[in-house]
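Visitor: Straight out of TrEMBL:
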| type | residues | note |
| --- | --- | --- |
| COMPBIAS | 358-372 | compositional bias 'Pro residues' |
| COMPBIAS | 373-385 | compositional bias 'Low complexity' |
| REGION | 354-394 | region 'Disordered' |
| TRANSMEM | 27-53 | transmembrane segment |
| TRANSMEM | 65-83 | transmembrane segment |
| TRANSMEM | 103-123 | transmembrane segment |
| TRANSMEM | 144-165 | transmembrane segment |
| TRANSMEM | 185-212 | transmembrane segment |
| TRANSMEM | 273-298 | transmembrane segment |
| TRANSMEM | 310-329 | transmembrane segment |
Amino acid sequence: AVPASDHTPNCSNCSVPVSPGVDPSKVVLLGLVLVVFVVFGVLGNVLVILSVVCHRHLHSVTHYLVANLAAADLLLSLAVVPFSAASEALGRWVFGRTLCSTWATLDVLCCTASILSLCVISVDRYLAVRYPLRYPYLATRRRGVSAVVAIWVLSAAICVGPLFGWREPMPEDEAICGVNEDPSYALFSALGSFYVPLAVILAMYCQVYVVARRETRSLIQGQKRDGLDAEAVTLRIHRGNTRSSSTEEQDGRRGHFTLRLLKFSREKKAAKTLGMVVGCFVLCWLPFFLVLPIGSIFPSYRPSEAVFKVTFWLGYFNSCLNPIIYPCFSQEFKKAFQNVLRCQCLRRTTRPSKFPGGPNPGPLPLLTPHPPVSSSSSTSLQYPSVPVPPSHSHAAEHRSKNLLKVCCFRANPRPHTCTSLVQGKTLRLSLGTKAGQAV
């Protein structure tokens, strides 16, 4: 739907008298406010796009969709808001009938592209949280490009209707440029541009919330099981440095658990940030998409001019909010913004991230055989394999059994609670022989 600078009545031969005199103080005040409005919308969204383009660790499907959202907001700030601001300050439309139609079409295009971008982002976040390990194979670059193309094609399909006559009769006075209040088109544009995508967004984020709660409980239980496994002392007596198959299997499970925990934590933070973006979008655009169809279908409930202006400028204000939300809730965007402002983005040599939705976290502790539960609750002692002469093999085996009886378990004397795990010391001792015989 199209916000407008004049809420015109639904008639074909109507004109609104324009006062010849314009209050200079009103023009200056509105001019200053709207210039700040436009500058924040333009510079902020340019900063978002440059951050994604110039930083390799932001080259992921999620960030491409965020950049597409910023591009829609940038186009709105450049091609729509300045004309609305000028007509608001002057009290009339001074750019002619042709530019009025172009302005209205671009308005619908940009607003629809913004909410469809948020719709696709919500689906992307659901996949990332629901399938954190399979996500890189689901969200490929080709699918991301296809989604962006589909967003703009659908937006164009919704906005071109009035250009082909699906609108109310144009007023004779060219100084009036308002919204298309044809009841059928107002309902169609409200459903296609806002309500249907909003339903998908809410459904996806409800699923994200459910999956996040279930995954959090699962990971907490996994951490408790991992902590209980660390209470016992593992005495591995084998030849050389060869590890048993059971130990390797256990290490593989812990490595998979560590990767799963890391991925889920990152995707959950990204979902929170983008959820804030969606919330602000709904708060800014919902009043307008309530006022427009209701006023078009039920003229007796048409709001006042002041209410209409507040609702459509509140929608425009959303274009300035997203560049403020990103650095406030996302450390990676905050650092990227700083690099762009310092003109350092083109000199970054960070390797591309293998983890969509976040920066490359560096080497993961996946090769550590037995990671402790925490630095304060577990002490891990691991000794290298010690060559033992063949003649001492039997004695070593006998002593190892005695050592196992004496030092096997060491429980923490503090009472066990559901919130703290039993602390223990883990002793890993490897003994081997030069002859290759197990002791």
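Even glycines carry a Cβ here, placed using N, Cα and C.
In terms of burial and nearby residues, how do these features look in this structure?
Guide: Long-range Cβ contacts of the transmembrane segment (27-53) within its own chain (Cβ-Cβ under 8 Å, at least 6 residues beyond either end) map to 59, 63-64, 66-67, 70-71, 73-74, 76-78, 81-82, 85, 88-90, 316-317, 319-320, 322-324, 326, 333, 336-337, 339-341, 345.
Within the same chain, residues 1-4, 62, 65-66, 68-69, 72-73, 75-76, 79-80, 83-84, 95, 147, 151-152, 154-156, 158-160, 162-163, 177, 179-180, 189, 192-194, 197-198, 200-201, 204-205, 208, 274, 277-278, 281, 285, 315, 318-319 sit at least 6 positions outside the transmembrane segment (103-123) and bring their C-beta atoms closer than 8 Å to a C-beta of that stretch.
Same-chain residues lying 6 or more positions outside the transmembrane segment (273-298) and placing a CB less than 8 Å from one of its CB atoms are 1, 3, 10, 66, 69, 111, 114-115, 118, 121-122, 125, 179, 181-183, 186-187, 190, 193-195, 198, 201, 205, 208, 307-308, 310-312, 314-315, 317-318, 321-322, 325-326, 329-330.
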Visitor: Is it true that the transmembrane segment (185-212) and the transmembrane segment (144-165) have 3 or more CB pairs under 8 Å, sequence gap of 6 or more?
Guide: yes
Visitor: So what's near the transmembrane segment (144-165) in sequence-distant terms, Cβ-Cβ under 8 Å and 6+ beyond its ends?
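Guide: Residues packing against the transmembrane segment (144-165) from afar: 61, 64-65, 68, 101, 104-106, 108-110, 112-113, 116-117, 120, 180, 185, 188-189, 192-193.
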